[in-house]
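Q: Supplied in structure tokens, the structure appears directly below.
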Amino acid sequence: MATPTACTRFSDNYDLKEELGKGAFSVVRRCVQKSTGYEFAAKIINTKKLTARDFQKLEREARICRKLQHPNIVRLHDSIQEENHHYLVFDLVTGGELFEDIVAREFYSEADASHCIQQILESVHHCHHNGVVHRDLKPENLLLASKAKGAAVKLADFGLAIEVQGEAQAWFGFAGTPGYLSPEVLKKEPYGKPVDIWACGVILYILLVGYPPFWDEDQHRLYAQIKAGSYDYPSPEWDTVTPEAKNLINQMLTVNPSKRITASEALKHPWICQRERVASVVHRQETVDCLKKFNARRKLKGAILTTMLATRNFSSKYDAQGRSIITKKGDGSQVKESTDSSTTIEDDDVKEDKKGVVDRSSTVIAKEPEAGSAGSASSSGSSSNSQNSQTGASPSSPAAVYISNNHVATPMVSSRRYDSSNNGFLSFILFIFYARQFYELLDLFD
């Protein structure tokens, strides 16, 4: 297990190699352990730029990662503190995002989706068993250990993860990614482990048809759908999905967190533990096609938001909470910037920290040799699901750094302004990147 090391210098044990990614306050580089020759990903945080609160969040992220040792979780191997830098040494995950791998496969079935969500649930169960709630389960944080066929799914990025006692529910702040937020978080009610299961339900829905259960360009309407548990199984794409799969989704997307299925129970569900007998093995080409568009939209939105934030921050003003003021209504009232539906956000508990670290690049992590279920009755899904909600959740922590297969980072809103001297060059680079993503998206609709 990784323990923080203050007396050892990073260079004593590791050789740094090429850069893999960069954030506002950190850089990720491949490194090689001198004693074994194993490759890892070193997240190097410049601690000179961190506030006291940032240090607390960094320590919490490292503490949480140290206690999680599971084949389906990106593992922290070492943590080294030096005078001006903190080094976190993770697995070097080289397979890219799970969702990107799926669209590149020649064959993808419901049974494959079952195997994917089983590995995700295994990682979530391990987290919950160790008193950890991830709070940011989404496609960008689901990686593959390598490019080999059948490589393990790895859960990554514990930057927003929190520690809980047993099944305790409390208000831990508004944090997560809009499309994957649970009703109890949106209602600002106490929450806990069930929020991760809700996100798993959203992910499973996407794995089966290639688009999310809750969707609206207007975030207020999106949140209203989620709080009401308003989703359905439209024809014809859902007609070929087995009733058992819909039943598991229904139990995951139960609005009342006290009635929501747990990770342990989900692993015992027939669609998971009896997949050979229950899940369909028919190729789902329509799902793959929809997932390609879903992936392209995620990247395009990320590119657009990155461009908007980069150019906007040169001149935008900030309110008392550090939120960017975009424009003014006709009556002179200020309009606050809204958050993109694919972007991780934090609210009340981190408003004071907006001027601090929001350092979350993209998706990295792992290539050391690998070390080394759950029951509910099944029933067919209904065409619409609306249920009641109950109650259900410490402040959030600094984000981990990632690098996906396509090197497209999930953008994070930061109140720090860019140096205006880099305006022209940065805008040019972002324009080229944005244009490339746009044309890739157009190709999907040919």
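The backbone N, Cα and C atoms fix where each Cβ goes, glycine too.
OK, TrEMBL features for this one:
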DOMAIN    14-272  domain 'Protein kinase'
BINDING   Lys43  ATP binding site
REGION    329-398  region 'Disordered'
COMPBIAS  371-394  compositional bias 'Low complexity'
Q: Note the mean pLDDT of the domain 'Protein kinase' (14-272), expressed as a whole number.
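A: PLDDT averaged over the stretch: 94.
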Q: Suppose we draw a 10 Å sphere around the Cβ of Lys43 (ATP binding site). How many other Cβ atoms does it contain, all chains included?
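A: The answer is 29 other Cβ atoms.
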Q: Tell me whether the residue listed as 'ATP binding site' sits in a helix, a strand or coil according to DSSP.
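A: The three-state answer is strand.
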